[in-house]
Ligand SMILES: O=C(O)[C@H](O)[C@H](O)COP(=O)(O)O
Ligand SMILES: [Mg+2]
């Protein structure tokens, strides 16, 4: 396995950038932590744009749709253009509609946030759950109240800050009572970086369902899995040899890039750390790594 190359100065940055035309850039832990943009990030992104690089922002965070991300980028004063954002909610909706050819009359039961709902709507996929089950009165809880919608043919689980027992019980019932019901995750990141540390991520939201069902999902759409790259390639003509994935997580971003035959740049501003790639038993090794994407701002 080749050694990762650490980029530490302007000449190394320039020769690295000359190798690629397109950069797939992760969001949480690379551009921002929550709503805090990392230092010099805006300046670094404008250096890449001035060099004529194509930028695509590729996030596993399913809480936000492409529309929501465009709003977030603008609110944080980061230059963004239509078509430059791909989230796991969109990759999921795109795959369910266009690859799985999910039946029009069927519904997807959602354990997740507004990002998933907006993207299912954008692909014309019917759904149940999500916010309609976010609040419920536990004082007169009765399992008999868990009514099943016969039109539900799949369960899609993603990051859900309003997750609760009712959603788990409904999702479990659909999957446990009907072997035909499909089980999908937008992504399975165990954690995500915020506030200088990490918090339970989309994968942690799905874990109770997987434990209760004793069954793994039928599909996971976000990085490092192929559906996310297929979704991007369907929309853009990428040359994998001239495309580089930039991320903070080895088991999602860097593995996604390696699996897709892309170049990979690992940054030390998110979940994984330098010792995670230098350790003797390290199994996911990026081509390049650097302290922060913001360091390109010196060019
Ligand atoms: O918890 C999640 O869903 C993900 O860990 C998180 O949001 C990752 O987002 P990304 O780093 O892919 O932008
Ligand atoms: Mg990240």
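Cβ atoms are placed via backbone N, Cα and C, with glycine included.
The record from TrEMBL ties 26, 28 to Mg(2+), and of the options 248, 251, 276 it ties 248 to that site too. Cross-referencing 167, 170, 223, 226 against the substrate binding annotation in TrEMBL, which names 59, 60, 61, picks out 223. Note on residue 59 (substrate binding site): other Cβ atoms within 10 Å of its Cβ, all shown chains, come to 30. The distance from the Cα of residue 248 (Mg(2+) binding site) to the Cα of residue 59 (substrate binding site) comes to 11 Å.
The separation of residue 28 (Mg(2+) binding site) from residue 60 (substrate binding site), Cα to Cα, is 9 Å. The Cβ of 61 has fewer other Cβ atoms within 10 Å than any other of the binding-site residues 60, 61.
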